[in-house]
Amino acid sequence: MNRGEAEKCMELGKKHLRAGNYRQAVKWFDKSIRLFPLPGAEALRGRSEESAKQQEAPSPSASSRAAPAAATPSSSNASSTVSQPEDTRPYTEDQVRIVRKIKMCKTHYDVLGVAKNADENEVKKAYRKLALKLHPDKNSAPGAEDAFKAVGKAFTILSDDQKRADYDRFGDTAPGENNSRQRSRQQHHGGFHDEDISPEDIFNMFFGGGMPRQRQRQRQAQPRQQADQTPRTPMQQLLQFLPLILVLCLSLFSFPGNQTAPFR
């Protein structure tokens, strides 16, 4: 019974979507989803929501509307292209669902889907799984970029012992947060915990992008500094002066000895 009603609501939603009544379409798609989870309903609902936001955006001023009228055809085409959604790639119902799930989470633990006593390996495993599904290059659903940033922020906090302790005690608005950040930079230099590391940097560390360039240069400089500061062994010091010793020996043997007295 519910499936039949859900199909009717979905058809009404499609009708409003084609007519440009995006808010009405969202309403009917929501009702269809509540009645029965039909395939494609979530994706259509997300598309309607995105179109409704664009439709409700402030309209341009009269002067900006007058400019395209005098423009060349190529300029008009460029203007119409800009007015379209930035990302027109298709997306699936599962991608929409995971984005919504992340946006509804209240805590960083909920975002990663781990328990409060989860260890570092569990946190990393959860981040790796979600980051692959939410990266903007892989997920074009509305809000995927914000969800990807939320996952990166949750990992940054829960993978740092000091930040995690402050978060457990005070939440996101922990007092003395600047001091905590400074301690984290000192204690975890070169790790995942620097404030200047973006969610994209963290993703690259996990999936073959390497460390951020700034951190990479510092790591490459450390072996050279350590090599310069390593004390030399006596054998190395002797080998350093070996060429000079050889030159002196050759010089001594090159002088002629005393001539032998003639035979009597």
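Glycine is treated like the rest: Cβ placed from N, Cα and C.
Quick look at what TrEMBL lists:
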- 44-53: compositional bias 'Basic and acidic residues' (COMPBIAS)
- 57-80: compositional bias 'Low complexity' (COMPBIAS)
- 219-233: compositional bias 'Low complexity' (COMPBIAS)
- 107-171: domain 'J' (DOMAIN)
- 44-93: region 'Disordered' (REGION)
- 166-233: region 'Disordered' (REGION)
- 6-39: repeat 'TPR' (REPEAT)
- 238-255: transmembrane segment (TRANSMEM)
Residues in the repeat 'TPR' (6-39) grouped by DSSP into helix, strand and remaining coil: 28 helix, 0 strand, 6 coil
Structural state census, the compositional bias 'Basic and acidic residues' (44-53) (DSSP three-state): 10 helix, 0 strand, 0 coil
